[in-house]
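Novice: This is the feature table in Swiss-Prot:
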{"type": "MOD_RES", "residues": "Asp89", "note": "3-methylthioaspartic acid"}
{"type": "REGION", "residues": "1-25", "note": "region 'Disordered'"}
Amino acid sequence: MATINQLVRKPRQATTYKSASPALDKCPQRRGVCTRVYTTTPKKPNSALRKVAKVRLTNQEEVISYIGGEGHNLQEHSVVLIRGGRVKDLPGVRYHTVRGSLDAAGVAKRRQGRSKYGAKRPKS
């Protein structure tokens with residue numbers, strides 16, 4: 001416990017909020033252009049080929065974004081929408097692409113959890 005004299009000399013520091021997705025600049029999403037679309041491997045206990053894209057945002061920041069779902073139509077110069085949300089087993093990937101928006105098509109033949117993958121409601 002600090003004494004009153006110590007607190008007079010140096011007041012308590014308020015804890016500063018540190019954003020988990022700083023490139024979004026406090027926006028819910030951001031638009032960007034894919035500069036490179038590639039696959040990468042996850043950290044130690046897991047094994048896969050995860051689809052990611054390097055994206056240059058409208059605020060000139062370059063970020064790595066994860067492309068969720070099975071199959072995608074993204075390539076270089078595709079315009080995508082980026083949201084926050086990291087991928088735990090991919091170091092440096094702190095953003096997700098929004099499927100079904102701009103150039104990123106929704107996941108085909110998706111029946112459950114469709115809203116997360118931009119899939120339309122199937123014709124019964």
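Residue numbering: from 1, along the chain as shown.
Any Cβ shown, glycine's included, is placed from N, Cα and C.
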Novice: Quick check on the region 'Disordered' (1-25): DSSP residue counts for helix, strand, coil, in that order please.
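Specialist: Per-class counts: 9 helix, 0 strand, 16 coil.
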Novice: Around Asp89 (3-methylthioaspartic acid), how many other CB atoms lie within 10 A of its CB?
Specialist: 15
